[in-house]
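Enquirer: The structure follows.
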Amino acid sequence: MALNIASIRDTKWLTLEVCRQFQRGTCSRSDEECKFAHPPKSCQVENGRVIACFDSLKGRCTRENCKYLHPPAHLKTQLEINGRNNLIQQKTAAAMLAQQMQFMIPSTTMQHVQTFPVNQGLGSSAGLSYTPYLTPMSHSMGLVPTDILPSTPVIVPGSPPVSVTAGSSSNQKLLRTDKLEVCREFQRGNCARGETDCRFAHPSDSPMIDTSDNTVTVCMDYIKSRCSREKCKYFHPPAHLQAKVKAAQHQANQTAVAAQAAATAAAMTQSTAKAMKRPLEATVDLAFPHSGLQPLPKRPALEKSNGSSSLFNPSVLHYQQALANAQLQQPAFFPTGSVLCMTPASSLGRS
């Protein structure tokens, strides 16, 4: 089914409002100055609006008395902007409609999508698999032979936990913008670069050096030009190192703002999920739709009531197995014997 919305000409973006003062003959502005249209007598005006000539915008109108408005330069620019916005809206609407029609119209074509693993140490059995094809049929849960079912309870795993402790130490190290590394060559006394040229710190006093990581703490008051201490215990860096500290602070601030925005978005997502009316039932419905559980068929009445009605019915077993698996709280029970060897209950009435 081919749908081409872009081929339909939409004249709304070509519509301009006519100047009311011009209609009364009292407009003091010219056609090039007034923000409303001044159409000639040959143009058709309906409800105080006039349609601009599309060919005139392209510079190819050859009509002598065109019934559409040939707008001036400033109105032509406005119409071009309206046309671009209208084209974007048409493309967006066409894409959304095509996506909706893909799911509404059944077809035999199966589109292959990227597969994803579902065996996180739990569902490694061959009986639990997911097809990588999208079909018009809804997903459902089916019963499989008991010999290929896993012995452990089957649960639906959620999102794997994400560990953030690995990069915590490195992030803390990067967030310390008030420290500079001390030049090791300067400590040995053979640094050929001067204090204003070396990219590492050249502290005058050794007590201010932190021996654990060979760094020195920068005086932030000196960076802001307001340190009034006579003997400051913090390092007063030169101009090029001050610029380095300020750049590191700016980057740290941007990182903090981005992290705060991400945390706010995550909190809003969690609050939206908690505000759902039926979060648990919706999850169960998505995992196991109602199409997988067929209604329990009515058992035909028996002529004899000599205890034969208490025999086992295979259809009841299948329904109970599906219900037990849908609860996801306890392992499903499967009998060891085969249900095919049992005599159907309907054949007992003829004996």
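Each residue, glycine too, has its Cβ placed from N, Cα and C.
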Enquirer: According to Swiss-Prot, which of these ranges is zinc finger: 47-73, 74-100, 263-289?
Expert: 47-73
Enquirer: Which of these ranges is annotated zinc finger in Swiss-Prot: 13-41, 303-331?
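Expert: Going through 13-41, 303-331 one by one, Swiss-Prot flags 13-41 as zinc finger.
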Enquirer: I'm checking region-level scores; what's the whole-number mean pLDDT for the zinc finger (177-205)?
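Expert: Here the mean pLDDT over the zinc finger (177-205) amounts to 82.
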Enquirer: Give residue numbers and ranges for long-range contacts of the zinc finger (177-205): same chain, 6 or more residues beyond its ends, CB-CB under 8 A.
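Expert: Counting only partners 6 or more residues beyond its ends, the zinc finger (177-205) has Cβ contacts under 8 Å with 213-218, 220, 235, 237-241, 244-245, 248-249, 252.
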Enquirer: By Cβ distance under 8 Å, which residues at least 6 away from the ends of the zinc finger (47-73) in the same chain are close to it?
Expert: 11, 14-18, 20, 23, 31-32, 37, 39, 79-80, 83
